[in-house]
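K.L.:
Shown below is the structure under consideration.
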Amino acid sequence: MAKAYDHLFKLLLIGDSGVGKTCLIIRFAEDNFNNTYISTIGIDFKIRTVDIEGKKIKLQVWDTAGQERFKTITTAYYRGAMGIILVYDITDEKSFENIQNWMKSIKENASAGVERLLLGNKCDMEAKRKVQKEQADKLAREHGIRFFETSAKSSMNVDEAFSSLARDILLKSGGRRSGNGNKPPSTDLKTCDKKNTNKCSLG
């Protein structure tokens with residue numbers, strides 16, 4: 001019996017507590033939003049299969065929410081990850097400043113050459129914005145990675161961000177692109193509905 005997919009990619013979301021990692025995963029995998037999720041304890045993941053470049057890609061998206069409060073994500077979390085999404089909250093400047101620490105954690109624990117993506121969540125809360133898009137775009141360019149702003153609540157750019165990372169992994173595994181340096185960072189300029197003020201505070 002033929003497999004229902006062509007490739008299996010393990011993705012990992014990391015970032016400070018409260019930036020919305022769990023909400024993003026639920027939105028992507030189940031197209032649902034609920035701001036009363038119970039914070040993740042231990043390792044949890046969701047699965048969704050997407051079509052990219054004519055291939056069926058099974059994405060296994062791992063959630064580290066509930067662990068980052070211990071200030072460490074062990075090597076076990078990073079093992080086998082082909083793509084890592086670094087998440088911050090656009091209304092929380094500290095969560096953005098800590099992205100540098102998460103970058104360091106990736107360097108120390110993840111496989112060399114793992115694909116990375118910077119993601120600013122809660123862009124539906126524009127009135128409470130503390131991190132400007134230009135700041136994040138600059139950081140992404142410094143690291144040679146893509147950048148998106150998303151809203152797990154409105155679903156803005158969520159599919160686009162995950163699909164972009166999966167496409168980069170696919171192209172890299174196919175040998176048609178070498179290294180992150182040849183990949184121009186991407187900023188999605190879509191705006192979110194400023195009237196939406198609810199937030200997902202977990203993960």
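Cβ from N, Cα, C; glycine included.
Quick paste from Swiss-Prot:
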- S17, G18, G20, K21, T22, C23, T40, G66, N121, K122, D124, A152, K153: GTP binding site (BINDING)
- 31-45: motif 'Switch 1' (MOTIF)
- K46: ubiquitin cross-link (CROSSLNK)
- K58: ubiquitin cross-link (CROSSLNK)
- 63-80: motif 'Switch 2' (MOTIF)
- S178: phosphoserine (MOD_RES)
- 179-189: compositional bias 'Polar residues' (COMPBIAS)
- K194: (Microbial infection) N6-stearoyl lysine (LIPID)
- K195: (Microbial infection) N6-stearoyl lysine (LIPID)
- K199: (Microbial infection) N6-stearoyl lysine (LIPID)
- C200: S-geranylgeranyl cysteine (LIPID)
- C200: cysteine methyl ester (MOD_RES)
K.L.:
Pop the Cα-Cα gap between G20 (GTP binding site) and K46 (ubiquitin cross-link) into the table, whole Å please.
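P.N.:
The Cα atom of K46 (ubiquitin cross-link) is 15 Å away from the Cα atom of G20 (GTP binding site).
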K.L.:
How many Å lie between the Cα of N121 (GTP binding site) and the Cα of K58 (ubiquitin cross-link)?
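P.N.:
The separation of the Cα atoms works out to 23 Å.
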K.L.:
What count of other C-beta atoms do you get within 10 angstroms of the C-beta of N121 (GTP binding site), across all chains shown?
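P.N.:
Looking across every protein chain shown, the total is 34.
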K.L.:
Give the number of CB atoms, excluding that of D124 (GTP binding site) itself, located within 10 Å of its CB.
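P.N.:
For D124 (GTP binding site), the 10 Å Cβ neighbour count is 25.
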K.L.:
Whole-number answer please: how many Å between the C-alpha atoms of D124 (GTP binding site) and K58 (ubiquitin cross-link)?
P.N.:
29
K.L.:
I'd like the number of other C-beta atoms within 10 A of the C-beta of T22 (GTP binding site), please.
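P.N.:
Result for T22 (GTP binding site): 25 neighbouring Cβ atoms inside 10 Å.
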K.L.:
List the Cα distance (Å, whole number) between K153 (GTP binding site) and K58 (ubiquitin cross-link).
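P.N.:
Given the Cα positions, K153 (GTP binding site) is 24 Å from K58 (ubiquitin cross-link).
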K.L.:
Could you state the CA-to-CA distance between G20 (GTP binding site) and K58 (ubiquitin cross-link) to the nearest Å?
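P.N.:
A Cα-Cα distance of 22 Å.
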K.L.:
What is the interatomic distance between the Cα atoms of K58 (ubiquitin cross-link) and T22 (GTP binding site), given in whole Å?
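P.N.:
A Cα-Cα distance of 19 Å.
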K.L.:
Ranked by the number of other Cβ atoms within 10 Å of their own Cβ, which of the recorded positions K46, K58, K153 ranks first?
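P.N.:
Selected residue: K153.
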K.L.:
Enter the number of other CB atoms within 10 angstroms of the CB of G20 (GTP binding site).
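P.N.:
I count 30 other Cβ atoms within 10 Å of it.
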K.L.:
Just how many other Cβ atoms lie inside 10 Å of the Cβ on S17 (GTP binding site)?
P.N.:
18
